[in-house]
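To keep things clear, I will list the structure first and then write my remarks on it.
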Amino acid sequence: MAARGESPESRVRRRRLDGRRQPETESSDSGGEHGADTAGGASDTQAGLESLQTGTYWLSRVVLLRSVAFIYLVAFSVAHNQNKQLIGEHGLMPCKGYLNSVKRYVGGKIGMAALAYTPSILWFFDWGDMDANLDGIALVGMALSAFVLVTGMANMVVMVTLWVLYHSLVNVGQLWYSFGWESQLLETGFLAIFLCPVWTLSQVPRHCPPSLICIWTFRWLIVRIMLGAGLIKIRGDKCWGDLTCMDYHYETQPVPNPMSYYMHHSPWWVHRFETLSNHFIELVVPLFAFLGRRMCMVNGAIQILFQVVLIVSGNLSFLNWLTIVPSLACFDDASLGFLFRSGGGAKKAVLEIQNEEAAGRTSNPTKGMLIRRVVNICLGILIGCLSVPVVMNLLSSRQVMNTSFDPLRIVNTYGAFGSITKERTEVIFQGTLSPDPKDPDAVWEEYQFLCKPGDVYRRPCLLSPYHYRLDWLMWFAAFQTYEQSEWVIHIAGRLLSNDSTLLSLLDHNPFQDRDPPRWVRGEHFRYKFTQPGSDSAAQGKWWLRRRIGAYFPPLDLEGLRGYFQSRNWPHPHIPPYRS
């Protein structure tokens, strides 16, 4: 029997020590004092359950899996909405033609050589309806990623399937899938596979604790991403050295958003601070990951905040959203517990596991758990070996960004904006119904893309994390020539026939419900943001533009026949009124 002056906490501790020695006494006690003991024990247990311990990553795994699933969902949505127009049966660069060219290159057979050159499950599909194949891959990817996002549960089978499906699209996507974030998503998705149990679907699978090795592969990824981005800037454009790059970036980035307009007009000293901050965050802060738990969390928090600022400042696809994902691995359960409902299933399960470990009631590892430890060690060795050329590239004065050294893109090099364009130029497609393109009275009407600048009165779009692949490639085409970007002429031919497949990628067709244009041309313009408070801004203009010259001359379908035939492009249908 407890002494009267003994506190409830002392009685609970004493019961824990003596409970096994005096079971009969404890079980025979009744009345108020036993009730007080029981209440005190429950209260103390509840208090303990509310405090997550550091050093475990059960909840971190749930957050990471949901984050990866969100990016997959966006990426597969983009694929479903745009693949048919870009790489489908009647796309600008049909993937069937690409696969056939690879097949010829490797000897005319679909075997290991073809798979090694272009890893894709499309090799095993019926090519009779490639649009259906592409849609099927995208829809399955959307369904699986939505399941993981909503439930927070995944296993290796689900994550491997997502990785294989997206790999299959990227490897046949050609120019349209040539962006650095495609490889980054594949690397992130590959690492996410090893967060999961093989079969079990549970937010907290007790027999598959998150591997610290796997957590560190995510941390290593964010370190490489940021160091790659920082070093390519230092070695690239001199404006990063004289701190003037941000004077141009917001106006000349691929697809600005409304905030880009206002951030571009910030005072000069703000742009200098932004550039210095960029160098510090990309070159110094990543090293915090190796300086213990608190500094690692500081690294994660700064990187996430940095990516949020970039998301606000422009439409950079899902790149910045994706870069947030490995940053989340800098946080353990204790730091992420606030994201989970108190008493909820996942958080309660983790608290129970931690209490069992604290009480020494953990069971011996099963055979499956031992095998999993070996797999995790192998993962660490694999990432380490594949990181050697990547690290050598980082240290090289001839650093290359956004490059893969293995066909599966497991470990890659990264970087962004190593050089900054100082002036924004745009290619504007125009069409006319006039039979003579040289007629000074010919009326040329403009096509408008979904997001890229065109109409000077149109507000910049807000798009991220979604992505219009054609709009982004038009940015590259604008500071090249049409000879370097022949697909631009392919677009012109499609516009001449009012091709509905291509036009679904545009916002405005001036010849909608009319005869198609007889001639299409490309005009080259220089664009600048209007000055806030100026007369142009008061008129509702977001942009000022000045014509540079012709990007490509007026073209008609008959004149393009030989050009299309020489490139094995199907010649667009000539409207009846021209026959």
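Placed from the backbone N, Cα and C atoms, the Cβ positions cover glycine too.
Curation does not apply to TrEMBL; its annotations are automatic.
Quick caveat, the model's predicted, so the values are computed rather than measured.
Per TrEMBL, the features are:
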type	residues	note
REGION	1-45	region 'Disordered'
COMPBIAS	1-11	compositional bias 'Basic and acidic residues'
TRANSMEM	58-79	transmembrane segment
TRANSMEM	106-125	transmembrane segment
TRANSMEM	137-165	transmembrane segment
DOMAIN	177-336	domain 'Lipase maturation factor 1/2 N-terminal'
TRANSMEM	296-318	transmembrane segment
TRANSMEM	374-395	transmembrane segment
DOMAIN	410-553	domain 'Lipase maturation factor 1/2 C-terminal'
**Message:** Does the transmembrane segment (374-395) come close to the transmembrane segment (58-79), meaning at least 3 CB pairs under 8 Å for residues 6 or more apart?
**Reply:** no
**Asked** Going along the chain, which residues at least six beyond the ends of the transmembrane segment (106-125) come within the CB cut-off of under 8 Å?
**Response** 95, 98-99, 133, 137, 164-165, 167-169, 171-172, 407-408
**Request:** Residue list, the transmembrane segment (374-395) vs rest of chain: Cβ under 8 Å, 6 or more residues beyond ends.
**Result:** 194, 211, 213-214, 216-217, 220, 224, 227-228, 231, 403, 405-406, 410-413
**Fill in**
The correct DSSP tally for the domain 'Lipase maturation factor 1/2 C-terminal' (410-553) reads 28 helix, 39 strand, 77 coil
